[in-house]
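Feature annotations, reproduced from Swiss-Prot:
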TOPO_DOM  1-7  topological domain 'Extracellular'
TRANSMEM  8-28  transmembrane segment
TOPO_DOM  29-40  topological domain 'Cytoplasmic'
TRANSMEM  41-61  transmembrane segment
TOPO_DOM  62-88  topological domain 'Extracellular'
TRANSMEM  89-109  transmembrane segment
TOPO_DOM  110-129  topological domain 'Cytoplasmic'
TRANSMEM  130-150  transmembrane segment
TOPO_DOM  151-183  topological domain 'Extracellular'
CARBOHYD  N167  N-linked glycosylation site
TRANSMEM  184-204  transmembrane segment
TOPO_DOM  205-234  topological domain 'Cytoplasmic'
TRANSMEM  235-255  transmembrane segment
TOPO_DOM  256-264  topological domain 'Extracellular'
TRANSMEM  265-285  transmembrane segment
TOPO_DOM  286-307  topological domain 'Cytoplasmic'
Amino acid sequence: MQAALTAFFMLLFSLLSLLGIAANGFIVLVLGREWLRYGRLLPLDMILISLGASRFCLQLVGTVHNFYYSAQKVEYSGGLGRQFFHLHWHFLNSATFWFCSWLSVLFCVKIANITHPTFLWLKWRFPAWVPWLLLGSVLISFIITLLFFWVNYPAYQEFLIRKFSVNMTYKWNTRIETYYFPSLKLVIWSIPFSVFLVSIMLLINSLRRHTQRMQHNGHSLQDPSTQAHTRALKSLISFLILYALSFLSLIIDATKFISMQNDFYWPWQIAVYLCISIHPFILIFSNLKLRSVFSQLLLLARGFWVA
């Protein structure tokens, strides 16, 4: 029974990963084609293509890691594969967090109806900063990755040189990561999460007040403008829930509370990667350009299926 449940969650994780890879790849391809055609991208499209690319690679790395580890646990636990995976995973995860934060800030400055002078100044200046913020996010993520590697590698090497058994090496690796890294990861990940949280809450509050004001002025719930604001609110709340779930999952995952030997490992991996698999679809359906191309592909697929 336990083996059947494990197989079920592995299959569910695989399907979720395929959906995430396909959706993020779709965003990158559509906006990449736009970039090649016109030679430039709007600030929103810059963030979306960066976020899609980082999520695509992160989902791919995470999927390969999970299945390689489950198949080659002995070699992976005692070899350099663990280092290789963590090096890429930390970089991509940090970049993804920052890109999500800048996306929320851009949404906030473009949509929120706030009249404070500082916000109005930021509303005017922020779009021009987007390319530099994205480049800075990549640089910060690279530095953070080197920091983790610098702290991590000597400790692993010391235990490997002592020729511990594979099981002993795995236990020491887990202990090192459990005792030294969660607090560091919490501090590093909390910075973009705080930026995201402030921006998204300001935007949700602004949209909520605007929707209430429209209803108070006689607009019905069926009014197109009211429906548009309601859809935007639902989209932002979904983004907030998924991002918060991803943040909490990664913090708990950093404590190694649920290891590969745990019965809940695969359900937990589903929770960890849920945001980067589901949120791309929210972005696709809420973006006119992406939704239009996606609808065309669905029509082509339907015509091919009927034919």
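The backbone N, Cα and C atoms fix where each Cβ goes, glycine too.
Long-range neighbours of the transmembrane segment (8-28) within the same chain, counting only residues 6 or more positions beyond its ends whose Cβ lies under 8 Å from a Cβ of the stretch, are 48-49, 51-53, 55-56, 59-60, 62-63, 66, 70, 266-267, 269-270, 273-274, 276-278, 280-281, 283-284, 290, 293-294. Between the transmembrane segment (184-204) and the stretches 41-61, 89-109, 130-150, 235-255, it is 89-109 that has the most C-beta pairs under 8 angstroms. Confidence over the topological domain 'Cytoplasmic' (205-234), given as mean pLDDT on the 0 to 100 scale, stands at 67. Against the transmembrane segment (265-285), stretch 41-61 shows more Cβ pairs under 8 Å than any other of 41-61, 89-109, 130-150. The transmembrane segment (235-255) and the transmembrane segment (41-61) are not in contact, since fewer than 3 Cβ pairs between them lie under 8 Å (pairs 6 or more apart in sequence). If one looks beyond the topological domain 'Extracellular' (1-7) by at least 6 residues along the same chain, the residues whose Cβ comes under 8 Å of a Cβ in the stretch are 263, 266.
Nonlocal intrachain contacts for the transmembrane segment (89-109), taken as residues 6+ away from its ends with a CB within less than 8 angstroms of a stretch CB, comprise 43-44, 47-48, 50-51, 54-55, 57-58, 61-62, 65, 119, 122-123, 126-127, 130, 133-134, 137-138, 140-142, 144-145, 148, 188-189, 192-193, 195-196, 199-200, 202-203, 236, 239, 243, 247, 250, 276.
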